[in-house]
Amino acid sequence: MRHPAFRLTLLASTVAFALAPQAAQAAPSAADRIAGTELIARDALFGNPERANVQISPDGKYLSWVAAVDGVLNVWIAPADNPSQARAVTQDTARGIRSYFWSYQPDTLLYLRDSGGDEDFHLYAVDLKTGQAKDLTPFPKTTAQVAGVSPKHPGTILVGMNDRDAQWHDIYKVDLASGNRTLLEKNDAQIAGYIADADYTLKYAQRSRPDGGADVLRRGANGAWEKFDDIPFEDVLTTSPGGLTLDGKTLYFTDSRGRNTAALFAIDVASGKRTLVLEDARADVGGTLADPATGKVQAVSVDYLRDEWKVVDPAIRADLEKLEAIGPGDVSVNTRTLDDKTWIVAYSAAEAPLVYYRYDRSAGTLTKLFSARPKLEGKPLVPQWPVEIASRDNKTLVSYLTLPRSADANNDGKADAPVPLVLLVHGGPWARDSYGYGGYNQWLANRGYAVLSVNFRGSTGFGKDFTNAGNGEWAGKMHDDLIDAVQWAVKQGVTTQDQVAIMGGSYGGYATLTGLTFTPDAFACGVDIVGPSNLNTLLSTVPPYWASFFEQLAKRMGDPRTDAGKKWLTERSPLTRADQIKKPLLIGQGANDPRVKQAESDQIVKAMQAKNIPVTYVLFPDEGHGFARPENNKAFNAVTEGFLAQCLGGRAEPIGKDFTGSSISVPVGADGVPGLAEALKGHTQEVKK
């Protein structure tokens, strides 16, 4: 497997010699190769978006979006016919607001906010007339879950709250004006989730079983829950009830039982008759578009190489065909008014960030509203290429390759010459990489690196067989898939064996640690962002409200409650092999991470120090599972950029002022990254929760 890498390296050296016959010269560095391409500032890529999450209120009265107020993201509204008359309606001064939605109550919107990344999200209602915000879940250590909104009851909302029992959410009907809550369901039955009809009657529920499967329950005539359906463990990530139409007559159900990829079915509530809505042999069904007045599904997305919308209701076929034909990139429908006359749509291409439009259905007109990141317009962004890579046991790994301009002059997705590569590993791991604009992909390509994002086994979206193939394979075949993808890139001439870094967050951080401990010669360096180092301590410290998911974790990873499981998890933990690390490692961690606790990073750093192995450890005291504050994200990426430049030879924008406003601290290894120690000397830490 190493011979192709050797030949590619030799070829590059030979070409360099042939072009300069009088004196042997080293092959140009990644920075030299891309020197003629404009360097895109980190602030343009990772600073606050100018406008994002654009929506329209159900009554069509307002446009809304998130944008910065004094550098902090807040919710803004404007008259739908006059976006220039915008005003901020929230006043967050710390982490910012990213998740919000409209209620059906006129002049009322809702948003979610946690503290310092602790993921104890509270739900707030904002009265647009008075500007007052009310915490609808004013209880400590409570994580709100929105369980239902209904146009039939615009003044109330269903909310799950775990203030009584941290593990399980009780269901309340909450009055938006007063904040008063009425208990609808005390969750003594360990229910993982509920489905309510438009009158807020709880009709269906799902409960996890000790075998890792789940029971779907239905409310019986006597008011008690009774078993409605059975989901085996192997189907539980790809099978679940979705929701009811507004008349309560149809239940939508995503189902992989008796098949590989998940299909969408419609179930007649009265008769139990199941009707296939959509299936695809390549990939699981994804998101849906539903009629806002009836809840009837009208289109279903399927994402194999790229996301495609499949129309199942002719009423919107012409609309989607028109929108897809206009471009640029792939279209998504953000929100629709209740009368369905107006849609807010967004277009995204790999080489262009989101652009938002207003679509008037009756006139058939599309009006541009905003670009999420106008600073990137005209910048040298590059395409992304979907590829299918065969693993060593012949599984198909849908992956995405991004090439720097210096390596793909004719823009055909084929490397002209090998360049350093960053293997960018997604988190989850029960998630997936998809085609589209990615700030990290563009940033790394602009610095001179190829970027490869791989859907390794265990990823979701490609059928249950592919997902279940990852069971018990942390640091096993899941990691083999990443190694196989790198070998593919070497054989394709994208890179050479000695020029590959591994980087990722969450599971991607674990994959980075695995790469440097289980295969210590495979990568030139690694960047671990909030990755677990010890699978036993990871599983013993998950949030209490993950109780309904824990049996799945135990079956897919290893059971820390048994001796055999503990042994297995120890064997698959990078901490166990920390003494094998021989390549440079950068670690980033949020101190308030509720999923991957700070101890996960602390303990591997301590183990490396005990063996005198260098490491650079960056810690943010006001972050959780990832870096939400743009100041912190930019700060960490500034460190990462210098780290990768030292390791792979790409170019690096100086740290400059990118620590300003951040809470960055570097407990260990500040001298391991060029310019880091000096930048810290003049930095004043700003902690905002």
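Any Cβ shown, glycine's included, is placed from N, Cα and C.
A coil conformation is recorded for Ser506 (active site, charge relay system) in the three-state DSSP classification, outside any helix or strand. As annotated by Swiss-Prot, active site, charge relay system applies to Ser506 (among others).
Asp593 (active site, charge relay system) falls within neither a helix nor a strand when secondary structure is assigned with DSSP, and so counts as coil. The active site, charge relay system annotation in Swiss-Prot covers Asp593 (among others) and is backed by sequence analysis.
Residues annotated as active site, charge relay system in Swiss-Prot: His625 (among others). His625 (active site, charge relay system) falls within neither a helix nor a strand when secondary structure is assigned with DSSP, and so counts as coil. Its own atom aside, the Cβ of His625 (active site, charge relay system) has 21 Cβ atoms within 10 angstroms in the protein chains shown.
Summarising the annotation, Swiss-Prot assigns signal peptide to 1-26.
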Checklist outcome for this item: For Ser506 (active site, charge relay system), the same-chain residues 6+ apart in sequence with C-beta under 8 angstroms from its C-beta are Gly427, Gly428, Ile529, Val530, Gly531, Arg595, Val596, His625, Gly626
